[in-house]
Each structure stands twice: as structure tokens, then as C-alpha cells.
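Following: one structure in C-alpha cells, then a few remarks.
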């Protein structure tokens, strides 16, 4: 086996009041896919920022091919062959594919950009990536997330990156795009590159990776140089510091009367009329590939988009919602897929994010904010939902994804909400926080609320839901009871015929 090409030696990173990394030491080999695992806040992202020159370590050294380095900025790291493919892509949406691929090294001729050469180089790399059908002149904003990710990888290859790190790369990809990414990662390994792979998906670790390093609370817990003898439960135990027998923790409960009925609803992204019921106490899943119409259907229900036909009956009363605000007042709340841009106010505090929807309840004489009541309400939900935050005044964008999701849920608990629509509720969330989110959803169902979970995670929908509606190409093709919802059956229904 080859010697370590990349080595972290006693890396520590400190911020005011927080030790993000605490003397982390481990190594990765050339020609290896090395998984980095841990709960949100465990230190994985901070480590990648040290590697890429975004954060400078307080102590310790980084060794690459036997030479010590401390990068002052991202440009230095890039010059030494390091590329990071972040979960939030760094492409310029209004530039073309070719311009994004060669940004910083655009070919010139007589002082001008040589566009013919630029497009030719872009075509070569696109062919290498299996994306030869993409026109190099296409604006990046017109590509799918999976295609954009391939452009990021292509940019790394054009810079001859020897170390490529992926941060939750499959969190927004379709099944087909995920397969393509796995092929590319295998190719990078076969070419002798170091591939660091951050993921919360256990199946990806065992399918794709050669080694795994586990982090917890900023510390290196263990590096497994081989996955032989390693199983799901052992990894989870190392990540959370305790044994979790069942992440999903399904809780059977009584299912009540019909809470909401969808009759012949159709609109943008929903190509045929949909008929669907949600009952009190029920967790109903909506599964399908990216673009299948799951989120689009719920956007029609919640008043985000206008339906072209059909209606919604809530508690037996037919309703037409012209806006999400009307839906919320009626008792329907949606927690969106994109938490950062649609679910939270990122620079506002945890308290402000918790209270934003119910501020009308905390007024003096109907006009002025009652700060003390808002603080009490925030502290109540922080404790009730076990939100990990230094203070109710902490900016929400400093919290992990799981804790941000709890804040969004807590916001609606203060309202009189009967139906909770959760769009990809555990995307990018670690295993411990996932269990907490599932427990909260079961709590809501046991209180007689209705819960709809939109998810592209087969294991999730088949494990936590009482029934699963499967959508394909804007059509609800079947509704499968939990007892019959094997992953093979659900995927078979979701894939194109």
C-alpha cells in the first residue's frame, strides 16, 4: 500500500470561545477515497477550510507529499493542487460553461480571449466527464445541480488537482446524477488522486470509500484504514459517542379522520390532476426523483404557486390559498428544502427566527414588541426541541443544519398549525440530529397533526412514513402502505417506464 500523500499533524483551530478543531492528526493515501464522518459541528468542514486555505490553523501542520504547508489563502492551496467541491457550488451562474471551466486560466490570442480554444478545451473535459451533450456556450444557470457539480469537478481536473475534497456531494442530486458522480469518484481514485469525501449517507461510505475517519466535537476519534469488519452501528456509535439502535425510531400510532383532501389539483410541475388524503396522526411520504413534481404539488397546496385546476379541503372546508401567508393562517405550514435561502433569516438571531411568525402575540398595547416575552418563548422552544446554541441571541447561520431545522419547526409550533409539510427535512443533517427530527415529527403526529414528508431518501420514506405517495414526471403514480413499501418497489415506481 502507498505511503500517506496527505497528512494532518496536530491541527487545531480556535475561534472566540470555540475550539473548532482540537489537535487533529490523520493521513490519507494517493489512490484512496477517504470518508470524513461526524455529526454537524464535529469539525469536518473546518478541516476542509484549513486544507483549502480559507482558515489558518492555530497550531499544527499540513503535509503534502512529504512537504509541510500552511496556506495563507485559497489561491495558495489551489496552486498546490487542492480543490474543494462544496455543497454550495461556487460557479458563476451568468457565465458560460466554458468560461467557468477555464476561469483564471482563459486562453489568450493577441491580447484577447481565444474563445475557439476555450470552447475546444471545455469540450474535451466535458467528454472526459461523460457530459459531452452539454454545450460549452450554455449559461451555468441553465444546468441542473448535478451538471453544475460536474463543471466544478472539471475545473479541478483542468487545474490538475492532486487532492479533491467533496462536501456532501449527493445531497441535491437525482439517482442518475448520483450514479454518474460515483463513476467519476472511482475514476479519480484510479488516477492516483487523494479523494476526501464528506457525507452523512452510510451506504455511500460502504459502497465508495476505502477508508474512513470519524470526528466528534472537533476531535479525531478514529481512522479506519480499511472498512473490513466495520458496520453501520459501529460508525454511528463512534460519531455520536453512544449506541443508536434505530435511527428512524418508528412509533406506531392511531390514525384519525381526514385532515386534508386534495381533489384534482393540477398546476405548474404537476401534469395530471392529483387526488390525495392526509389524516390526523399520519406521516405521509412523497417520494420521487428530482423534478418528479413532489415539491411542486405541495407548493400548490401551500399557496406558493397558483393551481390551474382542483381544490384543497382542510378540516372539511374547501380552501383556495392565494399566498403562503393565507395557508399559514388556515393551519398549513411548509418547511422548505432550501433552508438557507427560504427557511431562515441567516443573520438574525435564533430568537428572532423562532418568533418571526408569531410576533403578533408578543405586543405591548398591540403595537410594540414585547422583548421579554419573545425571549421567554425562544428559551422555551430551545429547551423543548433541544436546540444546541450558545444563546438565544446567537445568529442562526452559525448553527448546524439540524439545529436550524429545529428552529424552523419551533417557529410553527407557536402557531395553530394542523398540517406540517416537510421538504427534504434531513438533507445534510447528521445521524443524531436526524433521529431528533424524526422524534419531533412523531410527536406532532401523536398530537393529531398531519405530517407530509417530501424526500428523495428511500430508506427515510420507507422507514418513517405510514403511507408513501410516489410521483413520476408530474404524476402521482401510486400510494403504497408502509407494510408494502420496499425500497425496490418505491424506486421501480419512481423510475421512468
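Residue positions begin at 1 at the first shown residue.
Using the three backbone atoms N, Cα and C, a Cβ is placed for every residue, glycine included.
Quick caveat, the model's predicted, so the values are computed rather than measured.
Summarising the annotation, Swiss-Prot assigns ATP binding site to 38, 39, 40, 41, 42, 43, 44, 45. Swiss-Prot lists 6-242 with the feature domain 'ABC transporter 1', giving sequence analysis as the kind of evidence. The domain 'ABC transporter 2' annotation in Swiss-Prot covers 250-497.
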**Request:** For residue 39 (ATP binding site), list the number of other Cβ atoms lying within 10 Å of its Cβ atom.
**Result:** 24
**Request:** Among the binding-site residues 38, 41, 43, point out the residue whose Cβ has the most other Cβ atoms within 10 Å, with all shown protein chains included in the count.
**Result:** 38
**For residue 44 (ATP binding site): intrachain residues, at least 6 apart, with Cβ closer than 8 Å** = 36, 37, 38, 167, 198, 215
**Prompt:** Can you name the residues of this chain that are 6 or more positions from residue 40 (ATP binding site) yet have a C-beta less than 8 Å from its C-beta?
**Reply:** 400, 401, 402, 403, 428, 429, 430, 433
**Message:** I'd like the number of other C-beta atoms within 10 A of the C-beta of residue 45 (ATP binding site), please.
**Reply:** 22
